[in-house]
Amino acid sequence: MKGFTYAAIVASAISGALAAPVEERGSPVEKRAVTLTGNPFASRTLYANSYYASEVSAAAAAITDTALKAKASKVASVGSFLWLDNIANIAKLEPELKLIKDGEIGGFVIYDLPGRDCAAKASNGELAAGDIATYKSSYIDPIVAIIKKYPNVALALIIEPDSLPNLVTNDDLATCQASADGYKAGVAYALQQLNLPNVAMYVDAGHGGWLGWDANLKPGAQMLADVYKTAGSPKQVRGFSTNIAGWNAWDLTPGEFSTTSDAQYNKCQNEKIYVDTFSPLLVAAGMPGQAIIDTGRNGVTGLRLEWGDWCNVNGAGFGVRPTSSTGDSLADAFIWGKPGGESDGTSDSSATRYDSFCGKDDAFKPSPEAGAWNQAYFEMLLKNAVPSF
Ligand code: BGC
């Protein structure tokens, strides 16, 4: 991220249309409505949301080692995405929108589809498969109404991690079959309704170890593009997100799983190859193909027993900080998608949402429920951060 430069201010002034004065904290402040075109991260810093900052500050306060405590405090100012992972948590949105400044872009994850996390158990959501009506009226519509009050705030949205990829590769599961129509209709509705000038959207496309397999690439691109077209090809869709809550390295060569016996069937052995391969397929299928990549927890490689291992990988470290300097014209930005320190799933095998991936030998234990804070895991990410803090 290039930060708050004079050029950025001029650029945003040129791209922004004059809006009515906005009343903010008692005093009338003239602000400009934001219209996002091109790479929305190019002249903006990813906003460090106060929710994650408060989790991190509490974590830092609990550390006794003074050097580590100082490092922990620095994490609070790293930009990251905030997950609106249920209807109640929509309440987190508006207070943040009031704090996002010119030169910043707020990141939020839209994540509450009916029958969520259909191929796993750890992140099963609050809405049952089939309950698309509630998703629309009680989840997407209120979010849209809030965002419409802040046309002067630049926003990037990650749309429904894992959902469409699950429909490509897990359509043999009864749970994913039950979720399929709702995922497609729900994502299309989200893209349509959130298609606001100040919003840039990225539809989730899993990662190289998921849709990067030869047999999955084209069906994956087709799936995303079909839903995009069902939504009416909304112009604020910028492309796709990869590696959300994931562990893959950006351009490690040879890739981490390049020597496995089935590697011959997957050329996307790092996220860069995946982005460069998937993007043209998406464009050919009729959808924009710019990417954002989660580098929040991919600082250390070589930890997973198998490529598909996704839960609280032990030994992990924070990765590259959010930036639009990716060195790849197809990659808009490296971002922090998963808030490092929040769990991927519980290791308690008696819990309803226990997923066996969270009990594997390469998973950190003990770990709390998905989304809950894990202090020990946070400290590990911090100690193992690459680059270090
Ligand atoms: C959980 C969500 C949480 C998100 C970010 C997901 O795995 O299911 O509840 O908000 O991770 O930590």
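Positions of Cβ are set from backbone N, Cα and C atoms, glycine also.
Owing to the predicted nature of the structure, the values given are computational and were not obtained by experimental measurement.
The following features are taken from TrEMBL:
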- 1-19: signal peptide (SIGNAL)
- Trp83, Asp85, His207, Trp210, Trp310, Lys338, Glu342: substrate binding site (BINDING)
- Asp117: active site (ACT_SITE)
- Asp162: active site, proton donor (ACT_SITE)
- Asp344: active site, proton acceptor (ACT_SITE)
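Overlay of TrEMBL annotations on the structure.
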| residue | record | CB count, 10 Å |
| --- | --- | --- |
| Trp83 | substrate binding site | 25 |
| Asp85 | substrate binding site | 19 |
| Asp117 | active site | 23 |
| Asp162 | active site, proton donor | 25 |
| His207 | substrate binding site | 29 |
| Trp210 | substrate binding site | 25 |
| Trp310 | substrate binding site | 24 |
| Lys338 | substrate binding site | 22 |
| Glu342 | substrate binding site | 20 |
| Asp344 | active site, proton acceptor | 26 |
Filtered by Cβ distance under 6 Å to ligand 1, the recorded positions Trp83, Asp85, Asp162, His207, Glu342 reduce to Trp83, Asp85, Glu342
Whole-number Å distance separating the Cα atoms of the residue listed as 'active site, proton donor' and Trp83 (substrate binding site) is 14
Rounded Cα distance in angstrom between Trp310 (substrate binding site) and Asp344 (active site, proton acceptor) is 8
Rounded Cα distance, in Å, between Asp85 (substrate binding site) and Asp117 (active site) is 12
Longest inter-residue Cα distance for the substrate binders Trp83, Asp85, His207, Trp210, Trp310, Lys338, Glu342, rounded to the nearest angstrom, is 23
Cα of Trp210 (substrate binding site) to Cα of Asp117 (active site), in Å and rounded, measures 15
Here the recorded positions are His207, Lys338, Asp344, and the Cα closest to that of Asp117 (active site) is found at Asp344
